[in-house]
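S.K.: If you scroll down you'll find the structure; I have some questions about it.
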Amino acid sequence: MASASNRGVIFQGAGKVTVETIDFPKLALGDRKCDHGVILKILTTNICGSDQHMVRGRTTAPKGLVLGHEITGQVIECGRDVEFICEGDVVSVPFNIACGRCRNCKEGKTGICLNVNPARPGAAYGYVDMGGWVGGQAEYVMVPYADFNLLKFPDREQAVEKITDLTLLSDIFPTGYHGCVTAGVGPGSIVYIAGAGPVGLAAAASARLLGAACVIVGDMIPERLRQARSFGCEVVDLRMDVKLSDMVAEITGSPEVDAFVDCVGFEAHGCGHDHGHEQPATVLNSAMDLTRAGGEIGIPGLYVTEDPGAQDNAAKMGSLSLRFGLGWAKSHSFHTGQCPVMRYNRALMQAILFNRVEIAKAVNVQVISLDDAPKGYADFDGGAAKKFVIDPHGLVAA
Ligand SMILES: NC(=O)c1ccc[n+]([C@@H]2O[C@H](COP(=O)([O-])OP(=O)(O)OC[C@H]3O[C@@H](n4cnc5c(N)ncnc54)[C@H](O)[C@@H]3O)[C@@H](O)[C@H]2O)c1
Ligand SMILES: [Zn+2]
Ligand SMILES: [Zn+2]
């Protein structure tokens, strides 16, 4: 057992996070016993665009929340009911918390487990409305239902060597991949990815892994577009006052795409002369405009049921102004929700271990210390073309 001290990243209200001493994890959540859980010493834990929605004050997240849902670590203690995961295992933690026993888990829908959050289906570590599980931007964390949830890496030394890639298996690599799979991306597809943040870049790399013929990434941050171009994507700069379909036609010869992936979510900005203003429905509306009839639309970008920072009353309740008739007329399929990470993480781990994909390079991983987490949040919020990975024990740096 390690020493019983712990430190973590705390949400202190809109625009502020700090690093504080927090409780060492127990095999429990309040009164709920978690003998099926393990304690992890965290090897890496990433900052996500999903955290930014909370830190920007765009959710009802309470002050004092320990943040962090993208966790990779080493098991240092197993609960009494853990059978197959062992002390010393190096593991990736899917950000979805799932019981493995309910109807949805049995159907592989681990993003909407029915037993881990009394308020609604689905849970995650360190996230508003997601069941109250303690976050993992910390030195140590508890992971429940460990036999079901954890993905064990085959070899410890190899895992440490490839950690900047493997750390992306807890969320954004499977999430980007899921966005593409649910958009029907396959060999020869023409794909549009909205957003060149880490999820958009992971989706773009996934589209290439799936055999897409042409991957076009749209954003309004030049540094992020340069990052997309660095691994072979076409890009469109949405600050330009040109219709998206015209910019796409300029690249492919056609104003429509086979597959569209929304990697932006509800904090979307307008395009052209509107690029400084928020328009929460703009990406969904351009999805219906740009996607061919019969095409599919993957929507990993997050939409909320409550947005205290929204500009109008409808959007405050998550109601958006969609031209849904257009999507209906084109027989579009829409796929929403949390990515069920477990559906993809093992295969994507193999793609990393056998050098079939350079995902850390695609999203431009930068490793930082726990004490630098507040600066990481600020730089990420400023639009840095980086995925910040916290190394809380200095093990990666060493
Ligand atoms: N479904 C899931 O399981 C899941 C998992 C992880 C993240 N997410 C969500 O995915 C989204 C992206 O995450 P991220 O970490 O890349 O966040 P991010 O904030 O870094 O990236 C979003 C990008 O979208 C760009 N953008 C804004 N308006 C746009 C528009 N109209 N068209 C194109 N681009 C536009 C922004 O400039 C930014 O670069 C977030 O909403 C996050 O919450 C969902
Ligand atoms: Zn995430
Ligand atoms: Zn379940």
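Glycine is treated like the rest: Cβ placed from N, Cα and C.
Just lifted these from TrEMBL, have a look:
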type	residues	note
DOMAIN	36-154	domain 'Alcohol dehydrogenase-like N-terminal'
DOMAIN	198-265	domain 'Alcohol dehydrogenase-like C-terminal'
S.K.: Per DSSP, what is the helix/strand/coil residue tally across the domain 'Alcohol dehydrogenase-like C-terminal' (198-265)?
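M.R.: Per-class counts: 29 helix, 16 strand, 23 coil.
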S.K.: Provide the three-state DSSP residue tally for the domain 'Alcohol dehydrogenase-like N-terminal' (36-154): helix first, then strand, then coil.
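M.R.: The breakdown for the domain 'Alcohol dehydrogenase-like N-terminal' (36-154) reads 18 helix, 34 strand, 67 coil.
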